[in-house]
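The feature NADP(+) binding site is assigned by TrEMBL to L21, G22, C23, G24, V25, V26, G27, T28. Positions annotated as NADPH binding site by TrEMBL: K115. Per TrEMBL, the feature L-homoserine binding site maps to E200. According to TrEMBL, the active site, proton donor annotation covers K215. Annotation comment: TrEMBL describes 363-440 as domain 'ACT'.
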Amino acid sequence: MSAPNPRPTTTGGAPLRVALLGCGVVGTEVVRLLTTQAAELASRVGAPLELVGVAVRDVSAPRDAVVDRALLTTDAEALVDRADVVVEVMGGIEPARGLLLRALRGGASVVTANKALLAQDGPTLYAAADAAGVDLYFEAAVAGAIPIVRPVRESLVGDRVRRVLGIVNGTTNYVLDRMATDGLDLAAAVAEAQALGYAEADPTADVEGHDAAAKAAILASLAFHTRVRLDDVDRTGITGLTAQDVAWAARTGHVLKLLAVAEQVDGPDGGALDVHVRPALVPAGHPLAGVRGAFNAVFVEAEAAGELMFYGRGAGGAPTSSAVLGDVVSVARHRVLGGRGPVESSYAELPVQDPGLARSRFQLRLEVDDRPGVLAQVASELAERGISIEAVQQTVEPDGAAGAAVLVLTTHTATAAALHATVEALRDLDAVRDVVSVLSVLRVEEP
Ligand SMILES: NC(=O)C1=CN([C@@H]2O[C@H](COP(=O)(O)OP(=O)(O)OC[C@H]3O[C@@H](n4cnc5c(N)ncnc54)[C@H](O)[C@@H]3O)[C@@H](O)[C@H]2O)C=CC1
Ligand SMILES: N[C@@H](CC=O)C(=O)O
Ligand code: NA
């Protein structure tokens, strides 16, 4: 028989009071798990979890039957004040920020799925949690159900992460997948993602890359022990992509994905961070290319561990509620047993690199005059700026303009600044009718 636990309990087995802020797609599923798994959760925590209230905007709005209407309140502050654990799934900056600060300063532990808030003002929340000696957990904020915050913050903390590559937005992955496989247009695919509960309240946050940028900032902060904020992330969404871009990706052996990338680049004093979100051409054989629908995946390259991939459902009420409940159990256990979990560290304080200095391979698609000497002119503009060409493909499209050819150039690694200067110069050439697209190509590390 094992010895009795010598650590003091803070509750003596009394129920822990849980307050839920927000009862939408995720909140409803959190209520379902708290209700249907109550007995098992109590065993895992060492004390019952009692849902003491659910803060909503409108108590009379229609709700899933699993939500006990007697728990609904519009007085979120009063609810926060009588909770041991506050679960925030309302989203947005205010009033979520004020409520979570109130909770932390009052000594409650906090679980949140709110990546927008963490990426904008995480350090204020972390400081409040530190000052009060309580937990602030947020596994659901990055890649939904996939355990990635905990692995990066805890499991890999003894290693040195070099690069994190993520498909971290389910909506945009769903949209790109539907465009590639079913020929849907962007608006129709976004409407489907909204109906399935993947999209943010304002889906612009998804398609313009803000949601992925928030997750990139959180992952970069954890992986590189540096405070990276939303504004530090160089961001491009998917609204500029066309059906042709998606089709050409396939023709050149790639799949178009919206990637969130955080990488430590070499340089003096430990180097700098390149943190960006942008559509990228992923070679069809890379594990990230096979991530379909609303699934997410985060590919981590670490010095000792090598390559790791975390894959699963990154959006949707039920998957996200799994991550929320995992955190609720962790913080509740800490309250029962005493102590708190690992906290953020930002000792490295690496600067974030100027986006113009970021290096990538690129693919340019041009519409050019189909006549002798044009390829040489184009190649000379690249050479003039030190950009080396890896591959060239030229075709005359059956439905193309008269006398025009499509030229697809893939470059070796170049800086974004050199590439953009080249694109401007190409646009000025008489023989170049249009620079139709400029896309990054994922750099694949040799094993
Ligand atoms: N839906 C998903 O797949 C995922 C969502 N998240 C995050 O979870 C959070 C919630 O997302 P969803 O449930 O999808 O959003 P939702 O829009 O379905 O639900 C949010 C709920 O909070 C309520 N709310 C907003 N402000 C309020 C206030 N001041 N007082 C009381 N209630 C208020 C809204 O009326 C709504 O019912 C967001 O931070 C989101 O980014 C994270 C991972 C996945
Ligand atoms: N809107 C987000 C939800 C999860 O964070 C997404 O589409 O991934
Ligand atoms: Na997660």
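We count from 1, first residue shown onward.
Placement of Cβ uses the backbone N, Cα and C atoms for every residue, glycine included.
TrEMBL annotations: computationally assigned, not manually curated.
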Next item on the list: With an 8 Å cut-off on Cβ-Cβ distance and a minimum sequence separation of at least 6, pull the same-chain contacts of K115 (NADPH binding site), or say none.
Entry: F138, A141, V142, D211, A214, K215, I218
Check: How many whole Å apart are the CA atoms of L21 (NADP(+) binding site) and the residue listed as 'L-homoserine binding site'?
Finding: 17
Next item on the list: Write down the Cα-Cα distance for E200 (L-homoserine binding site) and G24 (NADP(+) binding site), rounded and given in Å.
Entry: 11
Checklist line | DSSP three-state assignment (helix, strand or coil) for L21 (NADP(+) binding site) | finding: strand
Checklist line | Local confidence of the prediction over the domain 'ACT' (363-440), expressed as mean pLDDT | finding: 97
Note to self: I'd like to know which of the binding-site residues V25, V26 has the most other Cβ atoms within 10 Å of its Cβ.
What the structure shows: V26
Next item on the list: Consider only the binding-site residues L21, G22, G24, G27, E200: which of them have a Cβ under 6 Å from an atom of ligand 2? Write none if no residue does.
Entry: E200
Checklist line | Sequence-ordered recorded positions from G22, V26, K215 with Cβ under 6 Å of an atom of ligand 1 | finding: G22, V26
Checklist line | binding-site residues: L21, C23 - member with fewest neighbouring CB atoms within 10 Å | finding: C23
Next item on the list: For the domain 'ACT' (363-440), jot down how many residues DSSP puts in helix, in strand and in coil.
Entry: 23 helix, 33 strand, 22 coil
Check: In Å, rounded, how far does the Cα of C23 (NADP(+) binding site) sit from the Cα of the residue listed as 'L-homoserine binding site'?
Finding: 14
